[in-house]
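Swiss-Prot annotations:
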- Y139: active site, proton acceptor (ACT_SITE)
- K183: active site, proton acceptor (ACT_SITE)
- 10-11, 31-32, K38, R53, 75-79, N92, K143, V175, K183: NADP(+) binding site (BINDING)
- N174, S185, H192, F206, A207, G208, S209, R214, Y277: substrate binding site (BINDING)
Amino acid sequence: MIIVTGGAGMIGSNIVKALNEIGINDILVVDNLKNGRKFKNLVDLDITDYMDRDDFLTQIMAGDNFGPIEAVFHEGACSATTEWDGKYMMLNNYEYSKELLHYCLEREIPFLYASSAATYGETTVFKEEREYEGALNVYGYSKQQFDNYVRRLWQDAEEHGETLSQITGFRYFNVYGPREQHKGSMASVAFHLNNQILAGENPKLFAGSEQFKRDFIYVGDVCKVNLWFMQNGVSGIFNCGTGNAESFEEVAKAVIKHHGKGEIETIPFPEHLKGAYQEFTQADLTKLRAAGCDVEFKNVAEGVAEYMAIVNG
């Protein structure tokens with residue numbers, strides 16, 4: 001069996017779909033369906049079982065046996081970069097992750113987890129090294145702290161001549177694609193621009209967006225990276241982006257091209273995001289490629305075109 005936490009979320013449900021596509025359906029999805037709309041992400045997927053996050057954590061902390069587990073994809077987290085309740089964020093993204101990690105280490109279960117490019121903050125260098133990290137929000141800090149916890153475990157193991165079972169963290173950059181409709185304001189720019197055009201409006205970008213460049217990665221490519229590491233058993237913390245930064249304007253142009261209408265409008269940059277907003281991200285893929293991962297990534301034009309074809313079917 002494979003366990004996917006956050007399995008009803010955007011990345012989690014796409015990982016389940018990718019597993020289904022290679023013939024794997026013995027999957028336990030763990031999530032919190034308080035936001036009931038997320039169920040739609042599971043409707044067309046083939047899974048063995050579903051478990052509420054709190055019930056799952058209770059069983060994990062009790063050391064319960066789930067039977068043979070081939071791997072755990074830990075995608076479950078509070079991913080709202082605008083959430084400032086640090087106690088809530090650290091409990092969800094740090095403490096719970098440690099519990100699950102140790103459960104997996106004790107049983108030598110491969111543990112593949114979601115980190116984030118939010119760990120980098122304002123740097124212009126995006127290498128998986130401590131000197132370039134400095135989160136701008138509490139979400140990024142929770143991910144940064146868990147990465148550092150994992151690093152300490154590796155260091156301790158090395159000092160004692162031990163080898164840990166697989167732990168692989170993925171620093172997701174700006175992920176977009178199908179199954180994000182439940183995310184509200186946290187959904188991708190492509191999602192919001194598409195909805196604006198469908199509503200008969202022009203697509204709207206923040207003033208200065210031509211200067212803001214991000215590494216936008218299509219969710220299908222994120223899944224390919226996850227599956228490659230599951231199949232190859234490589235440990236480490238790796239960037240999961242395309243290696244190229246493109247502007248928000250490029251995203252808007254790709255959405256406009258799909259619809260054949262619309263002109264970009266600018267709106268004022270929100271006060272609450274000033275000082276807590278990454279204006280530039282671009283994954284350094286040196287470490288990913290050195291590990292042997294040869295997944296090729298779609299650019300914005302290609303990825304958004306595929307996304308629009310799916311959601312506007």
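Glycine too: its Cβ is placed from the backbone N, Cα and C atoms.
Across the annotated binding residues for substrate (N174, S185, H192, F206, A207, G208, S209, R214, Y277), the two most widely spaced Cα atoms sit 19 Å apart. With N174 (substrate binding site) as the anchor, the candidate recorded positions are D31, E75, S79, Y139, and the one with the nearest CA is S79.
Rounded to a whole number, the C-alpha distance linking K183 (active site, proton acceptor) with M10 (NADP(+) binding site) is 8 angstrom. Within the set of recorded positions Y139, A207, S209, the entry lying nearest in space to K38 (NADP(+) binding site) is Y139 (CA atoms).
Looking only at the binding-site residues D31, E75, the densest Cβ neighbourhood within 10 Å occurs at E75. Separation of the C-alpha atoms of S209 (substrate binding site) and D31 (NADP(+) binding site): 34 Å, rounded to the nearest whole number. A 10 Å cutoff on Cβ-Cβ distances gives S79 (NADP(+) binding site) a total of 22 other Cβ atoms nearby, all chains included. Between the CA atoms of A77 (NADP(+) binding site) and Y277 (substrate binding site) there is a gap of 20 Å. S79 (NADP(+) binding site) falls within neither a helix nor a strand when secondary structure is assigned with DSSP, and so counts as coil. Annotation note: Y139 (active site, proton acceptor) sits in a helical segment as assigned by DSSP. Its Cβ taken as reference, A207 (substrate binding site) is surrounded by 10 other Cβ atoms within 10 Å in the chains shown.
Between the recorded positions K38, K143, K183, K143 has the most other Cβ atoms inside 10 Å of its own Cβ, all protein chains included. The most densely surrounded of the recorded positions Y139, Y277, judged by C-beta neighbours within 10 angstroms, is Y139.
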